[in-house]
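Asks: Can you keep this structure in mind? I'll have questions shortly.
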Amino acid sequence: MTDVALSQDVSRFLRYLGVERQLSPITLLNYQRQLDAIIALAGETGLKSWQQCDAAIVRSFAVRSRRKGLGPASLALRLSALRSFFDWLVSQGELKANPAKGVSAPKAPRHLPKNIDVDDVNRLLGIDLNDPLAVRDRAMLEVMYGAGLRLSELVGLDIKHLDLDTGEVWVMGKGSKERRLPIGRNAVTWIEHWLDLRGLFASDEEALFLSKLGKRISARNVQKRFAEWGIKQGLNSHVHPHKLRHSFATHMLESSGDLRGVQELLGHANLSTTQIYTHLDFQHLASVYDAAHPRAKRGEIMRFYRPLGRIAALTFDLDDTLYDNRPVILRTEQEALAFMQNYHPLLRSFQNVDLQRIRQAVREVEPEIYHDVTRWRHRAIEQAMRDAGLSAQEAIAGANAAMMHFAKWRSQIEVPQATHETLQRLAKKWPLVAITNGNAQPELFGLGDYFKFVLRAGPDGRSKPFSDMYFLAAEKLHVPIGEILHVGDDLTTDVAGAIRCGMQACWIKPENADLMRTLDSRLLPHIEISRLASLTSLI
């Protein structure tokens with residue numbers, strides 16, 4: 001295997017993330033950058049095959065990355081991407097185990113930013129407008145808090161960067177990265193007031209905000225004016241421009257929970273920079289729980305990111321939420337391949353990579369077939385048999401037989417006893433529902449009795465994160481969708497999907513995962529747990 005072949009495997013993984021996981025272009029680009037860097041490191045170490053990679057080589061990747069100046073947070077992001085890639089290779093039967101498991105980056109020191117609470121921000125913005133410079137300062141305060149600008153971005157604004165009709169401003173951030181940001185109605189109003197007075201100071205200067213001498217206002221002048229206004233308005237803490245940026249980020253995150261959205265507004269290159277703003281109310285909620293809840297003292301660890309509302313029902317993802325799905329998938333893929341190769345002499349040389357290629361070809365002809373993974377697999381196997389030279393009738397019969405064989409092995413799932421005990425307790429309190437994008441059948445491996453019903457992508461609607469099955473669950477349960485807590489391991493299909501349709505969400509995090517360092521994190525869940533049994537704390 002050459003570097004080209006290494007890159008081809010990464011390209012296949014990225015196609016999977018884009019097509020089946022439906023990750024955003026920005027997230028895909030982040031994955032690609034991290035994995036391209038790994039490929040470059042692999043070239044330095046002489047790695048020719050992903051199958052040659054072990055934990056020692058992964059650690060060498062980490063060491064080399066650090067020597068090249070990569071910080072702890074960025075290294076954690078790179079290792080997260082590599083773990084996800086190796087997990088996928090394991091699921092494809094191309095690796096036996098994930099060599100990146102257990103390899104972690106050194107923890108970066110955390111300096112928590114101080115912010116101004118909403119009431120104090122409102123008091124600060126209510127300044128005495130007794131002169132034109134006060135109007136200018138009010139406009140700067142509104143823009144700073146309304147868009148979360150850096151100080152350098154604020155003083156660098158020119159009039160041409162404004163679009164007051166749309167309420168947006170164009171800024172050039174760190175690394176010459178451009179951002180177009182909404183600034184809010186209040187900021188637009190006060191910019192207009194300032195523009196009416198700006199001619200008193202200068203007429204030919206491009207800068208939006210001017211000093212009393214008619215020149216572009218300096219960063220030091222802004223710092224001085226903001227500090228003075230904080231004192232005049234009676235704020236207890238020192239007011240400096242970056243504190244307003246912190247306040248913008250914290251208040252936006254508290255109200256929306258949208259990590260990626262806040263990251264984009266702030267112009268952060270990495271989510272690890274944005275994560276620091278989760279230290280306020282979210283940690284407060286967790287500390288209150290730890291201190292007060294009777295189950296917290298018994299080791300049931302639960303982290304709160306949003307306040308939980310009333311819970312009338314629980315819905316669950318199946319794979320990797322209620323049991324470890326990787327062993328059964330690996331074994332099933334191996335058995336399914338052996339079945340194909342032994343089914344007919346024309347299929348002796350058939351490989352999983354051939355099936356993946358045909359699956360993509362089928363998807364190109366039937367773009368929506370991916371919502372039903374069982375039908376998609378059946379169509380791909382049927383096409384593979386026809387491509388090998390079997391007749392149409394033989395291919396249909398062969399695909400039916402292959403799917404029966406696949407279903408047999410797919411149901412050989414070992415469910416932990418703790419899962420049975422937890423679901424049994426929860427089912428006494430609330431109705432439980434399973435919602436799956438996959439083809440697992442819980443009634444075949446001992447979980448069917450816990451659920452009122454099971455919803456499957458395809459027959460019951462589009463796959464998660466689309467809202468079809470979430471709304472169908474609420475309809476069949478006859479409960480408001482906002483009173484359902486969905487539990488799952490996937491931050492895109494489970495957490496983001498549930499929250500966007502109005503549900504509450506619980507993320508059951510995979511081993512060694514970190515919400516703030518996971519590439520596909522977008523929306524904060526309501527709660528985070530490390531093991532399923534923690535849900536009994538809610539009873």
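Using N, Cα and C of the backbone, Cβ positions are placed for all residues, glycine too.
Got these off TrEMBL a minute ago, pasting:
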ACT_SITE  Arg150  active site
ACT_SITE  Lys174  active site
ACT_SITE  His242  active site
ACT_SITE  Arg245  active site
ACT_SITE  His268  active site
ACT_SITE  Tyr277  active site, O-(3'-phospho-DNA)-tyrosine intermediate
DOMAIN    4-90  domain 'Core-binding (CB)'
DOMAIN    111-290  domain 'Tyr recombinase'
Asks: Tell me the residue counts in helix, strand and coil for the domain 'Core-binding (CB)' (4-90), as DSSP assigns them.
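Replies: Reading the DSSP string over the domain 'Core-binding (CB)' (4-90) gives 72 helix, 0 strand, 15 coil.
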Asks: How big is the gap, in Å, between the Cα of Arg245 (active site) and that of Arg150 (active site), rounded to a whole number?
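Replies: On Cα coordinates alone, these residues lie 7 Å apart.
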Asks: Please work out which residue of Arg150, His242, Arg245 has the most C-beta neighbours within 10 angstroms of its C-beta, and give that one of the active-site residues.
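Replies: Neighbour-count leader: Arg245.
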